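Trainee: TrEMBL lists these features:
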- 26-58: domain 'LRRNT' (DOMAIN)
- 185-238: domain 'LRRCT' (DOMAIN)
- 1-21: signal peptide (SIGNAL)
- 246-274: transmembrane segment (TRANSMEM)
Amino acid sequence: MSLAGASQPLSLMFLWGMVLASRNISCPSRCSCQYLEVNCTGQQLQEFPVTIPLDTRQLILATNKISYLPAVELSFLTDLVYLDCRENHLGDHLDFIFIGMAKLVYLDLSFNNLTQVTLSTFSQLVSLVVLKMSDNPSLVQIEKDAFANNTWLRHLDVSRTGLLFLDTSTVRDLPHLRFLGLSDNLWHCNCSFLDFTTWMTKTNVHFPDAENITCYVPEGLRGLKMPTVQAQLRANCLTQLHEQDYIFLCLIGFCIFSAGTVVAWLAGICAVIYEVHTAKGEDEEEEEE
């Protein structure tokens, strides 16, 4: 290999090193930078700033127009512990975005356009302690066990979203959870929600703004506070029979009665046949004698 050919890869490595070095000391346009902190609040940014120093610990992108977080650029910020993305236009594309951010402790995604949380959304954030997703009116689903890897989660806020239901195991299995915001959602307090209301009455988790954690449907429970509705749900779901239940019980009773009647009739016929056969046998023996 010639000296010129060997120097080409070295020059590329040198250029890449210069790029990384420049990123370590540069500050994104329209943002302010202090020691280990980058603040881009209210700068009308429409895209994620890509020249963020690699040693950044705290990144604030609040009150902008960012609709997408690039996974590659975020993966370079391995020391990031604080990420504030509130009041942006973030939507559906959050799965597998936070790969490589194992040190992230604080994440604020409130006031965005989130629609769902899946098993892949926050699975890489194993150190996450605070997660804020309030004021996302399009957030209608949080998959069961979506926080299975976030065992250090202590503060979770899903107030003022589009959630109608939340599986109990999603929050019950978080051993360090101490704060859970649920207010001003249109909760459907049907029988499937009985387990969740029971957990609320027994847990040590704090529910801020508890006055506004109320049922929306059914009509008879609308406006009632979530924990106190447990007794009524238990009465409705575990003891009350509906019209179809009575019809079912009547059918079962009729079937049992019919079956009993048929069995008794067959037993009577068998008994008569046996008696006739026995009597006939005795008559034949008498004639032979």
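Glycine is treated like the rest: Cβ placed from N, Cα and C.
Nobody curates TrEMBL annotations by hand; they come from automatic prediction.
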Trainee: Over the span of the domain 'LRRNT' (26-58), how high is the average pLDDT in this prediction?
Mentor: 94
Trainee: How about long-range neighbours of the domain 'LRRNT' (26-58): same chain, 6 or more residues beyond its ends, C-beta under 8 Å?
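Mentor: Here the qualifying positions are 20, 64-70, 73, 76-82.
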